[in-house]
Structures are given as C-alpha cells and as structure tokens.
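A.B. asks: Swiss-Prot lists these features:
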BINDING   Arg53, Thr54, Arg103, His131, Gln134, Leu263, Pro264  carbamoyl phosphate binding site
BINDING   Lys82, Arg163, Arg224  L-aspartate binding site
Amino acid sequence: MRHDHIISAKQLSRGDIETVLDHAADIAADPGAFADRHSDTLLGLLFFEPSTRTKMSFTTAMKRLGGDIVDMGSVESSSVKKGESLADTVRVVEGYTDALVLRHPMEGSAKMASEFVDVPLVNAGDGAGQHPTQTLLDLYTIRENAGFDDLTIGIMGDLKYGRTVHSLAHALTTVDASQHFISPESLQLPRSVRYDLHEAGAGIREHTELDDILPELDVLYVTRIQAERFPDESEYREVAGQYQIDGDTLAAAKDDLTVMHPLPRVDEIAHDVDETTHAQYFQQAHNGVPVRMALLDLMLGGDQ
C-alpha cells in the first residue's frame, strides 16, 4: 500500500481490509513495538471542516509511530481565507510533509486533491461523499465484537447525507454482510450508493421502523441527522429526533447486540444505553488510533 492514496472505501478489497485490521490488532496488542517506526515522518493535516475524533486520532497515531504533524489550523487563519484554491494549498503543504490527511466540505475534493500531489493522501471526509478511515475502524470494531461470519447489521439514521454510511455500506459487501437500512423516506440512501451496492451484488433492505428488524440484528449502527448538510433548515426540522433508542428500545434486541455510532451523537442514543453491554461507540472511537496507525504505517512503507 506504499504511496497509495486512500480516497474511498470502494477501492479497498477484502484482502486490503483484512491487512489493515490485522495490522491494527498487532499494534493494539503491543503499541510500543511501533513507537519509532516513522521517527522522521511529518503528517500534514488539512481540515476545512470541524473535527474532534478524526483529527485527534490521526495526530495521536502519527505521534505514536514516532512522527509528528503539521497542522494547517483553521480555515480562518490560513491563505484559504484569501482565496487560495484547494489545488494550490495541497501542492504547497505537500512540500512540507510526507503524507496528507484532508477533510473538505466538497464531495469529490479528496479525489481532485490527490491528482495534484505525489505524497500519500488520505480522505478524512469529503462532504457527503466518503470517509474510508472511519469505515476501517468501524469494521475493526465489528470484527472484534460480532465477527464477519453471517453478520446482520442495521444502519439507521441519516443515510442520505451520512458519508460514514456510504463508505461502510460498500465495504460491508466485501464481507457478505446482510445489511438493513432504517431511515425516513426522505433520508434513504442516495442513488449513487444504491447503484454501487447493486453493482456489488448486495441487496438493499429498507425499513422505516427499527422494530421491524431489531431482533435479528448483530450490530446496530446509529448515525445522527446531519443538520449542516440540509439545504433547507425546515427539511431538517421535519426529521430531527425521529430515530432515538434507549434502554427500553433494546429490550427486544439480542443479548449480544453491538450498538455503534461514528459520533458525535445528538439525541439519537439515550445516555442510559452507555451503561449497557451493547454500547461500543466509545471503544469504536478509541479504535481509531491503532487502525489509523496501521494504515499510515502500511502507506508509508511498513513491513506488514
């Protein structure tokens, strides 16, 4: 994987996924063994949208590999504010770093930016498009808790604008998971994702009510309704708060159901779920460090 750009989950085969997840498991078991792996490496962080988990976990991952980061900081304090194009920005920052991580509000921005640089570039979210490293840590969490064999997963919430959903749904086709999509009709999967799933031979099973499928699920992947993606605030208000789960909801679930969420959550998972054995969303976030360490190590020439 050396020097490859990671733009979309669609470019990852089952073998690629297993390689990253196996390497992440090795790192999680003995992180100190990788502490000086990339001591001369600088990772450039270009975040044009807010981020907590993704940005901090990439920072932690690079530093735990012995490297360091160069952070563009906020858009307000950069030359982007003066009108600099994304192409010019990545070309400049490429000269300071050995790899780049980009988050941008425009769908397709990571693919475009990758055409202007020679160092590895990782898409950390391009609008409502893709979020492949979130998908890798999601798959790691699923494999650790439920495994991939005979997996039945429900993906609930904002399926239209949720880039984590778009990435994960395609990646799950590589492990032959049975996928169920739960959302209001106005937030169902976009046509492009439906086409990709159809091309991958995956069935699309849609529900408007979680109760219809909850007892069958091994994993429930919950997402927030993304207010910032709606073109009209009134459209957001129509669907906000429609899908919420609490301890009572989960009474009908399997005892070993795994509940996941890419975070941040708003009100879609009640806090009483946090104390149940179902809740894995905080561990899911923590898994971002070994998974991103593994990906960076492999992209930058690790031995695995």
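Using N, Cα and C of the backbone, Cβ positions are placed for all residues, glycine too.
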A.B. asks: Go through Thr54, His131, Gln134, Pro264, the listed binding-site residues, and name the one with the sparsest Cβ surroundings, counting other Cβ atoms within 10 Å.
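C.D. replies: So among Thr54, His131, Gln134, Pro264, the binding-site residues given, the one with the fewest Cβ atoms within 10 Å is Pro264.
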A.B. asks: Given a separation of at least six residues and a C-beta threshold under 8 Å, show me what packs close to Leu263 (carbamoyl phosphate binding site) in the same chain.
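C.D. replies: In sequence order, Arg53, Tyr281, Gln284, Ala285 meet the Cβ cut-off.
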A.B. asks: Take the C-alpha atoms of Arg163 (L-aspartate binding site) and Arg103 (carbamoyl phosphate binding site) and report the distance between them in angstrom, rounded.
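C.D. replies: Rounded to the nearest whole number, the Cα-Cα distance is 12 Å.
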A.B. asks: Can you tell me the CA-to-CA distance separating Gln134 (carbamoyl phosphate binding site) and Arg224 (L-aspartate binding site), as a whole number of Å?
C.D. replies: 15
A.B. asks: For the recorded carbamoyl phosphate site, whose residues are Arg53, Thr54, Arg103, His131, Gln134, Leu263, Pro264, find every other residue on that chain with a C-beta no more than 8 angstroms from the centre of their C-beta atoms, and list them by sequence position.
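C.D. replies: Result: Ser51, Thr52, Ala124, Gly125, Thr164, Pro262.
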A.B. asks: To the nearest Å, how far is the Cα of Arg224 (L-aspartate binding site) from the Cα of Thr54 (carbamoyl phosphate binding site)?
C.D. replies: 16
A.B. asks: For the binding-site residues listed here, Arg53, Arg163, which shows the highest count of neighbouring CB atoms within 10 A?
C.D. replies: Arg163
